[in-house]
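Data first, discussion second: the structure below is written as structure tokens.
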Amino acid sequence: MTTDRNLFFCASLLIFLGVLMSYSLSTYTTVVLYHYGEFHFFIRQLVSAIMGIIIMWGLSRVDPRKWFSRLGFFLLFVPSLLIIGMFFLPESLSSSAGGAKRWIRLGFFSLAPLEFLKIGFTFFLAWSLSRTFVAKEKANVKEELITFVPYSFVFVALAIGVGVLQNDLGQIVLLGAVLAVLLVFSGGSVHLFGLIVSGAFAISVLAIVTSEHRILRLKLWWSNLQNSLFTLLPDKLANALRISDLPESYQVFHAGNAMHNGGLLGQGLGLGQIKLGFLSEVHTDMVLAGIAEEWGFLGLCVCFILFSVMIVLIFRIANRLKEPKYSLFCVGVVLLIGFSLVINAFGVGGIFPVKGLAVPFLSYGGSSLLANCIAIGLVLSLARYTKG
């Protein structure tokens, strides 16, 4: 089998596993909390999965020389306009949650424009960086900073639209990481990368300390982390460093219990306990904890192996491509998938604060699934282009 066929098969297998877990982990939530039919979330995710696989296959057949840029700019501008437009829509079409509007209701389907904007932003970076950093000869840090200034304005606008209007710092962290690493892949120096990371860290600290909600999340994270870290220290030193009266991290605590209950081989599909009201939305952001409980450590390893294979295959395709914008886009897709997985996994494990990022292909959510299928479909079209 060729690389692109392996990639299509790998993505389809992850999608199948995601649909399977959307049923196994959502039954309690569906029936008890929302009073829907038992198969409500399963059917919605199954429909999204079928649509996603069809879209992925269809995009793999298009000629990127004609359609890549058109689709990329479409995914950049249309979701941006929708994110702005959501705040002018009535509650019946775009309901508020925590002071933010993130979904547009379209009858049976709810659309999250940000998921598609992430693909459009990755395209924009690949298209633009190939015309600036890649096209230029090696420059000093000052010249690199001057070249980077327009990107900083674009990112600030994105941060306002997503981080402020949608109150979603996690997505900004993800997109900022993609921007910083793609700069290195496009020829930016390590010094520039260090300056950008330092600036991003300072801005992140400012964003956290000015939000009570984010401060609480940070406290929840440290509450769990200090309990783990201080077991390695002598009792006197641990007691001196420990900050008392911190709230317990509800999500991470039960996620840890789920992983402990799963052991090596798991409780069995559908037999997990964490979904029974302990973490009612386990089929979304905490899906890895649900998989660990029902499939065990080995089942979780299988998922990570599939993601690793997918990343290697996309890198192989990127290495074959001669046009920088195509190869940079493939690298950007790897970064989106890889960083989303790592940030989510570290959040579930208590290493990072919980950010609310979905696990690509596995977490429940039609918009996230379709957006990732579009990304893989575009990569497959580029792989086919290298043959023709």
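Each residue, glycine too, has its Cβ placed from N, Cα and C.
Per Swiss-Prot, Ser69 and Thr231 occupy opposite sides of the membrane [differing topological domain names]. Only residues 6 or more beyond the boundaries of the topological domain 'Cytoplasmic' (316-327), in the same chain, are considered here, and those with a CB under 8 A from a CB of the stretch are 3-4, 7, 64, 68, 126-127, 129-131, 134, 186, 334, 379, 382-383, 385-386. Scored on C-beta pairs under 8 angstroms, the neighbour of the transmembrane segment (359-379) with the top count among 39-59, 71-91, 106-126, 145-165, 169-186 is 39-59. Sequence-distant residue pairs (6 or more apart) of the transmembrane segment (145-165) and the transmembrane segment (7-27) include fewer than 3 whose Cβ atoms are under 8 Å, leaving the two stretches without contact. Residues 68, 72, 118-119, 122-123, 125-127, 129-130, 134, 170, 173-174, 177-178, 181-182, 185-186, 252, 255, 285-286, 288-289, 304, 307, 310-311, 314-315, 317-318, 321, 354-355, 357-360, 363, 372, 375-376, 378-379, 382 of the same chain, all 6+ positions outside the transmembrane segment (328-348), place their C-beta atoms under 8 angstroms from a C-beta of that stretch.
Sequence-distant residue pairs (6 or more apart) of the transmembrane segment (71-91) and the transmembrane segment (106-126) include at least 3 whose Cβ atoms are under 8 Å, placing the two stretches in contact. Within its own chain, the transmembrane segment (295-315) is flanked in space by residues 3, 6-7, 10-11, 13-14, 17, 259, 262-267, 269, 288, 330-331, 333-334, 337-338, 341, 360, 362, 379, which lie at least six positions past its ends and keep a Cβ under 8 Å from the stretch. Outside the transmembrane segment (169-186) by six or more residues, the chain places 114, 118, 121-122, 125-126, 129-130, 132-134, 148, 151, 155, 158-159, 162-163, 192-193, 196-197, 200, 204, 207-208, 214, 324, 328, 331-332, 335-336, 339-340, 343, 355-357 with a CB less than 8 A from a CB of the stretch.
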